[in-house]
Amino acid sequence: SVGFKAGVKEYKLTYYTPEYQTKDTDILAAFRVTPQPGVPPEEAGAAVAAESSTGTWTTVWTDGLTSLDRYKGRCYRIERVVGEKDQYIAYVAYPLDLFEEGSVTNMFTSIVGNVFGFKALRALRLEDLRVPTAYIKTFQGPPHGIQVERDKLNKYGRPLLGCTIKPKLGLSAKNYGRAVYECLRGGLDFTKDDENVNSQPFMRWRDRFLFCAEALFKAQTETGEIKGHYLNATAGTCEEMMKRAIFARELGVPIVMHDYLTGGFTANTSLAHYCRDNGLLLHIHRAMHAVIDRQKNHGMHFRVLAKALRMSGGDHIHAGTVVGKLEGERDITLGFVDLLRDDFVEQDRSRGIYFTQDWVSLPGVLPVASGGIHVWHMPALTEIFGDDSVLQFGGGTLGHPWGNAPGAVANRVALEACVKPRNEGRDLAREGNEIIREACKWSPELAAACEVWKEIVFNFAAVDVLDK
């Protein structure tokens, strides 16, 4: 009979559907699945589809009160990962009606919620998501985007330069503001609060905001260029975060900052909406990302977190460097950098992109390269990231032997020295060091910086590598 039959049945009988034709409105996910010994890959893939959509561990009679066929996730393809023992890529399609409009929070609660603790799997990693255009149109996305930011700043044809103020913790507000002034006066476009600078006993947020605003307006007046300092509005409550953003707007500064993973997607989306409505740019730091994305077989790849940020909203986001001290393999990094900036990105497994992604009219996000970079890296960074990026030197500015302002001068000279020959068709990858040495002849600040950092390398193999 067709009636309700209690008991446990295999997931694959309901949720593994290799004949399924995906729809344009489906959210598609690529999971790296490592099943427990004895669990067939089809059952593991179907279990992921079930537990992240309508399924549970046993048959329930209330299944009969809805149309499971309409709402269930479906594992529609499974591929073995070459060169890895017992690893598979399981492709899952989710009907769009499973998700609340305009909510990254709800999307992740479903797709990467309970399923990651599932016992039948040894490990599970979400490698990529295809977000359909119908769902993307329910998001505001970045407050302003790349072109609007360039127009606000009146800066074109080159990457933007930033610097994280160090030591990251312990400075008083006035000394902090002084460092901001010196860096901006020396030629940088932005300075930055470190991600863990919120409102601590040694420097309360309001004092920092006031001294940083004074510093950037003074530097602006003296250089004739528009300057910014990423004022970190991240706080313990959403209300406090909004209070800080409102105060920044009242000071007339151009940009605020948020730690979007520790702060949470709900808070981030609220802040992004406020920033668009009030003309503030929004810089996003990815603190905590490596907890989620560092392991190759478990967690979630950063390209998914990057896509989620573009939907939730941010004008800049940290994206690794390829050449500095933090993780970032070149092809993979450029894959998600394109996902942040471009309107349309083709599927390309050689860059880790599992699905073609159409962003329709959602503005782009500027990738920020930061972490252990200095003047010798400038040719490579200019070559790899191109104009639409922010190159952020913390120690690579403030560690200059002559002080902060000369450190900023060295970075600006190195950047201008790389952009000009690149525009003339010279090969920065091959001639980069020679170009920097040439520029040292007419910039003593750059020459001093080159001398200090000539031996520094971070030679470690990347953890995040492509499958064979």
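The backbone N, Cα and C atoms fix where each Cβ goes, and this holds for glycine too.
All protein chains shown were included, and the count of other CB atoms within 10 Å of the CB of Lys166 (active site, proton acceptor) stands at 16. Summarising the annotation, Swiss-Prot assigns active site, proton acceptor to Lys166 (among others).
His285 (active site, proton acceptor) falls within a strand segment according to DSSP. His285 (active site, proton acceptor) is surrounded by 28 other CB atoms, counting those within 10 A of its CB over all protein chains shown. Swiss-Prot lists His285 (among others) with the feature active site, proton acceptor, giving sequence analysis as the kind of evidence.
Under a cutoff of 8 A between CB atoms, and with a sequence separation of 6+ in the same chain, the neighbours of Lys168 (substrate binding site) are Asp194, Asn196, Val197. Reduced to three states, the DSSP call for Lys168 (substrate binding site) is coil. Look at Swiss-Prot and you will find Asn114, Thr164, Lys168, Arg286, His318, Ser370 tagged as substrate binding site, backed by sequence analysis.
DSSP assigns Lys192 (Mg(2+) binding site) to a strand segment in the three-state reduction. All chains included, 29 other C-beta atoms sit within 10 angstroms of the C-beta of Lys192 (Mg(2+) binding site). The Mg(2+) binding site annotation in Swiss-Prot covers Lys192, Asp194, Glu195, and the record cites sequence analysis as its basis.
Annotation comment: Swiss-Prot describes Lys5 as N6,N6,N6-trimethyllysine, evidence class sequence analysis.
Annotated N6-carboxylysine per Swiss-Prot: Lys192, in sequence order, evidence recorded as sequence analysis.
Look at Swiss-Prot and you will find Lys325 tagged as site 'Transition state stabilizer', backed by sequence analysis.
Recorded residues Arg286 (substrate binding site) and Lys192 (Mg(2+) binding site) have their alpha carbons 14 Å apart, per Cα-Cα distance. Among the recorded positions Asn114, Thr164, His285, His318, Ser370, the residue whose Cα lies closest in space to that of Lys192 (Mg(2+) binding site) is Thr164.
Same-chain residues at least 6 positions away in sequence with a Cβ under 8 Å from that of Glu195 (Mg(2+) binding site) are, in sequence order, Asn232, Thr234, Asp259, His285, Ala287. Per-site Cβ counts within 10 Å over the binding-site residues Asn114, Ser370 peak at Ser370. Taking the Cα atom of each, Lys166 (active site, proton acceptor) and Ser370 (substrate binding site) are about 13 angstrom apart. Over all protein chains present, the Cβ of Asp194 (Mg(2+) binding site) has 18 other Cβ atoms lying within 10 Å. In the three-state DSSP reading, Asn114 (substrate binding site) counts as helix.
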